[in-house]
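What Swiss-Prot records for this protein:
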| type | residues | note |
| --- | --- | --- |
| TRANSMEM | 11-31 | transmembrane segment |
| TRANSMEM | 67-87 | transmembrane segment |
| TRANSMEM | 92-112 | transmembrane segment |
| TRANSMEM | 128-148 | transmembrane segment |
| TRANSMEM | 163-183 | transmembrane segment |
| TRANSMEM | 198-218 | transmembrane segment |
| TRANSMEM | 222-242 | transmembrane segment |
| TRANSMEM | 251-271 | transmembrane segment |
| TRANSMEM | 276-296 | transmembrane segment |
| TRANSMEM | 326-346 | transmembrane segment |
Amino acid sequence: MHSVFSYLNESLILFLVTVMGFAFLVGIFLGKPVIHWLKKQNYYDQVQKEHCAKLETLHKDKKYTPTAGGVLFFLVLLMSIFFLLPLRKPSTWLFVFSIVSWGSLGWYDDIVKKKRKKGHGITAKQKFIVQLLLSAVTVITVFFIDKENSLFCTLQVPFFRTIFLGSSILAKLFCFSLAMLAIIGTSNAVNLTDGLDGLATGITCMSSFGLLIVAIMSPTNPLAYDVSIVLATLVGISLAFLRYNCSPAQVFMGDTGSLLIGGILASCAVMLRAELFLIFLGGVFVAEAGSVILQVASCRLRKKRIFLCSPLHHHYEYKGIPETQVVARFWMAGLLCTVLGIVAALWR
């Protein structure tokens, strides 16, 4: 195992902690004005859920809670990037593209939900097509930032080491596909996890911190420094948003937040060539998305449900476990996943 201290630069750690603090304070300061604006614009959560009468009953008190609070993530992340990253670097504009594009997709979905009586957003097919395009632009940009492709065709393997897959077309195709899968999968997984007060926000904070450790331990990666700043900002704003999102929530992140978080978190992993670490660090996200996939597959193939309701957190709600207990237990699982991911990074 490498000594973690061999990777830690005291000035870098102090700087990243300062970035976290900056993001936290700005998020706390902007939180109430953003919530007030969302209420004024009537961005309220839609509780009408077809075939989920029990969820409507359980969440009936949430209909007066504003959604689309992800604009807070949008604003603070952009502020941090424009203040702290050099504008001449292509990676800076890749971050800007990721935040603006994924945030805009989520924002549009929230707008559509607001206008429709039953709270339906854009169709899954429409969303997937846009996600496919956005992830492709991100991966292609990373490919061309790395002119020699020595970075793009490497892969950080948990508990093992960083491996070079070669410069063949097959290796590039594999890396391209893995990166696309990571971005699309993570954006949807975070979106599915965002269903209870504070759940997705808390898990985001933990997984972002874990990936930040991976970034710090990737000194040979030319993009690691910039990625670490973005991740430190994401940790800080997540903590600030949790102030307003924990039970009883004053605001929900909505698709504006969940799609943005998933998109930028996975984009950071792609730039670090650490997509496989998302399986550990985002273990709760994986479980939530996996429960939906299994439920749909079982209903179509066996005509039976595996879970009382999916995603997984709703299954436990259906069993009568209070929302705060479900969130607390998922947070504990998320913490264990984060610790496991950090150990996987150190044990190499």
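Any Cβ shown, glycine's included, is placed from N, Cα and C.
In summary, the transmembrane segment (198-218) lies against the transmembrane segment (276-296): three or more C-beta pairs, each 6 or more positions apart in sequence, are under 8 Å. Tertiary proximity for the transmembrane segment (11-31) is limited to same-chain residues at least six positions away from its ends with a CB under 8 Å from its CB atoms, namely 72, 75-76, 79-80, 84, 212, 216, 228-229, 232-237, 239-241, 243-244, 251. For the transmembrane segment (276-296), the list of distant contacts is 155-158, 182, 185-186, 188-190, 192-193, 203, 206-207, 210-211, 214, 262, 265-266, 269, 305-307, 310-313, 315, 330, 333-334, 336-338, 340-341, 344-345: same-chain residues at least six beyond its ends, Cβ to Cβ under 8 Å.
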